[in-house]
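Let me begin by presenting the structure, written as structure tokens, before commenting on it.
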Amino acid sequence: MPAIAIIGAQWGDEGKGKATDLLGSRVDYVVKFNGGNNAGHTVVIDRGDKQEKYALHLLPSGILTPGCTPVIGNGVVVDLAVLFEELEGLDARGVDTSRLRVSANAHVIADYNRTLDKVTERFLGSRRIGTTGRGIGPTYADKMNRVGIRIQDIFDEKILRQKVEGVLDLKGQILTKVYNRRPATVDETVEELLAYAERLAPMVSDTGLLLNQALDRGETVLLEAGQATLLDVDHGTYPFVTSSSATSGGACTGSGIPPTRLEQVIGIVKAYTTRVGEGPFPTELHDDAGEHLRKVGAEFGTTTGRPRRCGWYDAVIARYAARVNGVTDFVLTKLDVLTGLERVPVCVAYDVDGTRHDEMPVNQTDFHHAVPIYEYLDGWWEDISGARTFADLPANARRYVEAVEEMSGARISAVGVGPSRAATVVRHELI
Ligand code: GDP
Ligand code: IMO
Ligand code: MG
């Protein structure tokens, strides 16, 4: 059986958590392959007539599915305090977390990198990225700079101390002399990390080997992205991106599963667009329509609580995401949020200083200047949250899905009509 990737097709918060949860019962492993606790996935589970809400940051959403093995892959950056806090939170709610496996090669977010993330943003002022302040960027920078601390280092105090000393030699100076901050000492840092060793040890393994062996046995592995295509460090709106590979290529490098085993890429795309933090966003609305989407869609960050910037669907971006990731199926989420609009604008291309662009402009300045060219589709008024088949949707909602599908470069296999697992219209079976 294959490896399948789930990726975000816009700027994050498309509903990847819900999609992963939806497929969880049909897969054996769910792997987080990039990012860290900058992610925020809300999963709503129906228990009888009650709904239970879970907010996950570091753990893969598959941890909520009984029988499924959750894996934190080598491409992830791990804040150990957050890891154990999330595990304890789930344990307290009766979720079995004992199957979690953590890659020995994943990097660890140390205290100095959390501090550096925050002080750098403050230093940047109006040029800030709007990061989540979790230490993600500085930790990936250390990884690339070959001075990172990995999970496996925590089990060898001598090595750990050597590495922390090496990195703090420089970072301590930067924190003190540039930012006027007293950094944690080598001893404090080593002690903090060592404190997790005993609890961490049983979870740590060669997850690349584990996953490839599972695939050899015919089991199914779902690779769940944090962040999204336009936040990818290579393919996103650089520099207003996160510091990891959130696209389907990252699913391979971040897990140790080779590209030849990846058979399906499911792109999660919202029926409109949102973005958190700074950076260009052509279809952003600064008027009542944007406020309406934020309110009806409850568009406030799961991680930082920040209001999300809202705008109309952007088919140029969806086509780009389809191309970069090799999307085989889209899941169009939050269609219910568009109910009650007379006309629904969809961006089909950009006008950049008088020139039409049907594809993402390669030049950053052009993208900043991109003005959306809209097509207007007729809206619908009927409550669609109870729809379970495509035929249950009103004609104009069906037309919206079909029109967006036509423009976006891959078939739309499922449509979200509400936050819960059941509130999904499946047009083509996903697995
Ligand atoms: P992720 O980061 O991609 O996992 O997405 P988030 O969980 O940050 O944000 C998506 C939000 O939309 C969550 O609160 C979900 O519960 C909710 N959601 C997902 N799909 C749907 C849908 O089809 N309709 C509605 N109304 N809410 C949805
Ligand atoms: P999920 O997985 C939305 C954004 C931040 C900031 C930029 C860099 O829930 O879709 P970072 O802390 O990663 O260095 O911040 O990326 N960002 C997200 N936006 N959803 C996310 O994750 C995000 N993770 C990071 O707001 O603009
Ligand atoms: Mg999110």
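Using the three backbone atoms N, Cα and C, a Cβ is placed for every residue, glycine included.
Feature list (source: TrEMBL):
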BINDING   12-18, 40-42, Arg308, 334-336, 416-418  GTP binding site
ACT_SITE  Asp13  active site, proton acceptor
BINDING   Asp13, Gly40  Mg(2+) binding site
BINDING   Asp13, Glu14, Gly15, Lys16, Asn38, Ala39, Gly40, His41, Thr132, Arg146, Gln227, Thr242, Arg306  IMP binding site
ACT_SITE  His41  active site, proton donor
ACT_SITE  Lys143  active site
BINDING   Thr302, Thr303, Thr304, Gly305, Arg306, Pro307, Arg308  substrate binding site
Task: Residues flanking the substrate site, with Cβ no more than 8 Å from the Cβ centroid of Thr302, Thr303, Thr304, Gly305, Arg306, Pro307, Arg308 and excluding those residues themselves - done: Gly40, Val276, Phe300, Gly301
TODO: Tell me, if you would, which residue among Thr132, Thr303 (binding-site residues) has the fewest other CB atoms within 10 Å in the structure shown?
DONE: Thr303
Open item on the list: For ligand 1, list the recorded positions among Asn38, His41, Thr303, Thr304, Arg306, Arg308 whose CB atom is within a distance below 6 Å of it, in sequence order.
Closed with: His41
TODO: Run through the Cβ atoms and count how many others sit within 10 Å of the one on Pro307 (substrate binding site).
DONE: 14
TODO: Give the subset of the recorded positions Asn38, Lys143, Thr302, Arg306, Leu335 lying near ligand 3, defined as CB under 6 A from any of its atoms.
DONE: Thr302
TODO: Would you mind sorting out which binding-site residues among Gly15, Thr42, Arg308, Leu335, Val417 put a C-beta under 6 angstroms from ligand 2?
DONE: none
Task: DSSP-derived structure type at Leu335 (GTP binding site), helix or strand or else coil - done: helix
Task: Recorded IMP binding residues, Asp13, Glu14, Gly15, Lys16, Asn38, Ala39, Gly40, His41, Thr132, Arg146, Gln227, Thr242, Arg306 - maximal Cα separation rounded to whole Å - done: 34
